[in-house]
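Encoded as structure tokens, the structure appears first; notes follow it.
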Amino acid sequence: MTDRVIAFFVFIAAVPLIDFPAYKRMPFKGAAIYVVLMISALYLGYIFITGAALPNITDLISFIYGGPAEALMRMFKPNE
Amino acid sequence: MERKDKDKLDTLQMTCLMIAYTTGSSIVFIPNSISEVARSTSWLSMLISFSYGIIVLFCVLYLHRAHNGVSLIEYSRSLIGNVLTYFLSLPLILMLFFSLPGVVAGIGEFLSSVMMTETPGFVFDSLIFMIAAFTVRSGVKVMARMFVLLVGIMLALTLLVLLMAIPNYDPLYLLPFFSNGIRPVLHGAFISAGFPFGEIFLFSMVFPFVRGNGKMASVKSMYLAYGLSGSVLLLSVVCNLMAFGPATGTLKYSLYSLASVIQIADFIQRIEAIVVIALITGSFMKACIFLFILNQIMVKLLGLKDENTLVYPISLVSLMLSLTMFRTPAEFTKQVYTLWPFTVIFIGGAILFLLAVISLFKQKNRTSSAKG
């Protein structure tokens with residue numbers, strides 16, 4: 001777990017540090033999306049470190065498209 | 001922001017970008033996934049999905065030419081308005097936040113399960129994302145120049161392995177046809193229509209960077225590049241089938257397995273490393289192009305002047321997704337071969353065809369009102 005914690009903090013610290021010079025000229029919309037993306041990264045980082053079974057993008061995609069996709073898969077099954 | 005012609009890609013660079021995008025990671029994953037369902041008729045599944053991809057490419061090129069070479073987001077704005085464009089872009093962004101980490105997770109899983117079993121997966125994923133982010137930030141021109149070399153290496157190594165494996169081929173493995181009816185063939189076609197042929201619709205975010213705004217020379221080269229990619233994938237599927245027969249579907253990385261059985265004159269053997277080079281370069285190029293497209297969609301939607309603002313945070317989120325989104329290899333298989341083709345065909349394809357139909361009607365209306 002220690003290796004994951006170190007790796008995650010390196011990743012999460014590197015991005016804002018590298019982008020620091022760009023902050024001043026970033027428009028509001030860009031800054032807002034930037035913050036949203038960083039918060040998403042923190043959430044995913046928590047899952048990465050703890051291995052918690054929290055909702056992820058695959059759960060969202062399965063929730064939206066899972067039903068019709070599975071129905072289609074059943075249609076493709078060969079007749080026994 | 002209007003680009004100067006010298007900052008745009010020439011025909012060769014765009015062709016290489018297209019080959020990298022279509023062949024990329026699919027050369028690793030497609031032969032076994034299709035063979036698993038369609039067995040000896042996998043090649044027919046490939047031909048069906050290839051034909052679907054041609055229709056998608058035709059629509060993409062039609063929209064590109066009809067709207068003076070602007071991107072999907074820009075012509076969507078002029079066709080259906082700003083609000084609907086935002087609404088339709090959300091599933092595209094969601095799809096790309098699935099596919100980009102998926103490509104990198106796939107190659108990370110391959111490296112940590114086959115090549116370097118003691119190294120944690122995040123080492124591979126983070127390195128690939130770091131280099132991909134640097135590549136995308138350096139601009140599409142630099143990326144395309146680099147890919148000219150990498151595509152050459154990838155195709156040459158893949159073809160070399162397929163040629164060297166000739167003594168292992170048995171054409172009888174291509175029989176029987178339709179042993180389980182037409183449904184498995186359609187299933188195989190569904191998988192490969194979503195991954196990689198249908199994905200071509202996302203390339204509409206890259207076309208604005210080609211010189212000449214849809215002139216015939218670049219259009220022809222796009223079809224040529226698509227045809228070449230399709231032929232390489234088809235060849236790879238057929239060769240794997242002829243080498244392993246019904247077992248192809250059970251081999252997780254069939255091209256890698258094909259390289260491992262090559263033995264010529266007792267001294268040319270164990271050449272899997274060659275395949276690994278092709279696999280890594282292919283997946284890396286595909287990850288770069290997906291990252292570039294995702295960044296372009298977000299930049300165009302938000303109207304940001306600095307195109308590089310979001311590259312690093314997008315890469316970071318995608319990296320964390322690649323490390324967390326697939327809890328088990330079985331989940332990876334299900335998501336990539338069921339949900340991804342479904343979203344590509346029924347969401348991406350539907351958006352593209354809808355825009356093409358609206359554009360066609362608007363153009364006809366304009367022509368008839370001009371005549372009247």
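Even glycines carry a Cβ here, placed using N, Cα and C.
Note that TrEMBL annotation is computational and uncurated.
Per TrEMBL, the features are:
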TRANSMEM  B:12-31  transmembrane segment
TRANSMEM  B:43-63  transmembrane segment
TRANSMEM  B:83-107  transmembrane segment
TRANSMEM  B:119-140  transmembrane segment
TRANSMEM  B:147-166  transmembrane segment
TRANSMEM  B:186-210  transmembrane segment
TRANSMEM  B:222-244  transmembrane segment
TRANSMEM  B:273-297  transmembrane segment
TRANSMEM  B:309-327  transmembrane segment
TRANSMEM  B:339-361  transmembrane segment
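Beyond its flanks by at least six residues, the transmembrane segment (B:83-107) meets 24-25, 28-29, 73, 76-77, 121, 124-125, 128-129, 132, 199, 202, 279-280, 283-284, 286-287, 290-291, 293-294, 297-298, 301, 317-319, 321-323, 325-326, 332, 335-336, 339-340, 343-344, 347-348, 351 of its own chain at Cβ-Cβ distances under 8 Å. Pairs of Cβ atoms less than 8 Å apart link the transmembrane segment (B:12-31) most often to B:186-210, out of B:119-140, B:147-166, B:186-210.
The transmembrane segment (B:119-140) and the transmembrane segment (B:339-361) are not in contact, since fewer than 3 Cβ pairs between them lie under 8 Å (pairs 6 or more apart in sequence).
The transmembrane segment (B:43-63) shares the most Cβ pairs under 8 Å with B:339-361, out of the stretches B:273-297, B:309-327, B:339-361. Using the rule of three or more Cβ pairs under 8 Å, pairs at least 6 apart in sequence, the transmembrane segment (B:222-244) is in contact with the transmembrane segment (B:147-166). Between the transmembrane segment (B:273-297) and the transmembrane segment (B:147-166) there are 3 or more Cβ pairs closer than 8 Å, counting only residues 6 or more apart in sequence, so the two stretches are in contact. Within its own chain, the transmembrane segment (B:339-361) has Cβ neighbours under 8 Å at 52, 56, 59-60, 62-63, 66-67, 72, 75-76, 79-80, 88, 91-92, 95, 98-99, 102, 190-195, 198-199, 201-202, 204, counting only residues six or more beyond its boundaries.
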